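Novice: Structure below; questions to follow.
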């Protein structure tokens, strides 16, 4: 089947609705929607929940942008795209909970298509989800990765290990020599064997995110914590900011294409702190995180 951008867009709009409803049901607060248009073509719906019962900030963004020329960040690793018009659409979300025992989570599913007269369209899907705990619980990590593995299973035995490895490699802070979290799934440039197969996989990832995340939220959201745990959470959020501004391809793509800055930076935590040469005490739960986030097979 030929790529059907309209069908993908409808799925993404529905996915944004569903995820917002599911997060609101857990939190008790509602998302506020901000619709926007992009001068160069396209627009989107940004939805933010702030200072809820469970989530300090949750942002779920839908965007659909198009233009006559592909930006440098996209053509750098796909030189054949130079000179083509493009459409890019996706849902991207980040959830920053109040409670330091509830991990931060991120998910994204997206579709690109680039066309020029007289040539076959170039298209691909990308996306994934990843988890960033501040305090590690093995049962949470196992559940997260088991959910990821199970949704990959119908698409082939090698799919989960391949996209888990890619996720571990992608969400890595080279300047810190550490992982951002415990990973999950990451895929990009997916366009084989055909459109229907790739679209079905992207849908499975989009729908699988809340199955992976919400049981962990329910398990941890009422755990007691104090100033020490909160300070550590804010300190570790700094790594999130560093990754997004220095290494994340999606952030760079959005800023280079004249995307909406407020929506692109919606992934930022509302509060964060840095501390010069911070070293957690040996044997403390905070020190244990360094070991917990190292790459391993969780399932």
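In case you wondered, yes, glycine gets a Cβ from its N, Cα and C as well.
Feature table excerpt (Swiss-Prot):
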{"type": "BINDING", "residues": "92, 108, 109, 110, 258, 259, 260", "note": "substrate binding site"}
{"type": "BINDING", "residues": "96, 106, 145, 175", "note": "Mn(2+) binding site"}
{"type": "ACT_SITE", "residues": "106", "note": "active site, proton donor"}
{"type": "SITE", "residues": "175", "note": "site 'Important for dimerization'"}
{"type": "REGION", "residues": "240-275", "note": "region 'Important for dimerization'"}
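For the listed features, I'd like the structural context: burial, neighbours, distances.
Specialist: Within its own chain, residue 92 (substrate binding site) has 60, 61, 63, 107, 108, 110, 250, 267 as residues 6 or more apart in sequence whose C-beta sits under 8 angstroms from its own.
With a cut-off of 8 Å between CB atoms and residues at least 6 apart in sequence, the same chain places 164, 182, 183, 184, 298, 299 near residue 145 (Mn(2+) binding site), listed in sequence order.
The number of other CB atoms found within 10 A of the CB of residue 106 (Mn(2+) binding site), across every protein chain shown, is 25.
In the three-state DSSP classification, residue 175 (Mn(2+) binding site) falls within coil. Taking a C-beta cut-off of under 8 Å and a sequence gap of six or more, residue 175 (Mn(2+) binding site) has these contacts in its own chain: 242, 246.
Within its own chain, the region 'Important for dimerization' (240-275) is flanked in space by residues 34, 36, 38-40, 44, 46, 48, 50, 56-57, 59, 61, 63, 65, 67, 71-74, 88, 92, 94, 96, 104, 106, 108, 110, 132, 171-176, 180, 231, 234, which lie at least six positions past its ends and keep a Cβ under 8 Å from the stretch.
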Novice: Could you give the Cα-Cα distance between residue 109 (substrate binding site) and residue 96 (Mn(2+) binding site), in whole Å?
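Specialist: Given the Cα positions, residue 109 (substrate binding site) is 19 Å from residue 96 (Mn(2+) binding site).
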Novice: Tell me, how many other CB atoms lie within 10 A of the CB of residue 96 (Mn(2+) binding site), whichever protein chain they belong to?
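Specialist: Neighbour count, Cβ to Cβ under the 10 Å cut-off: 25.
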Novice: Express the distance between the Cα positions of residue 106 (Mn(2+) binding site) and residue 260 (substrate binding site) as a whole number of Å.
Specialist: 19
Novice: When DSSP states are folded down to helix, strand and coil, where does residue 109 (substrate binding site) land?
Specialist: strand
Novice: Could you tally the C-beta atoms, other than its own, that fall within 10 angstroms of the C-beta of residue 110 (substrate binding site)?
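Specialist: A count of 22.
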Novice: Which number gives the other C-beta atoms within 10 angstroms of the C-beta of residue 259 (substrate binding site), all protein chains shown included?
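Specialist: Its Cβ has 22 other Cβ atoms within 10 Å.
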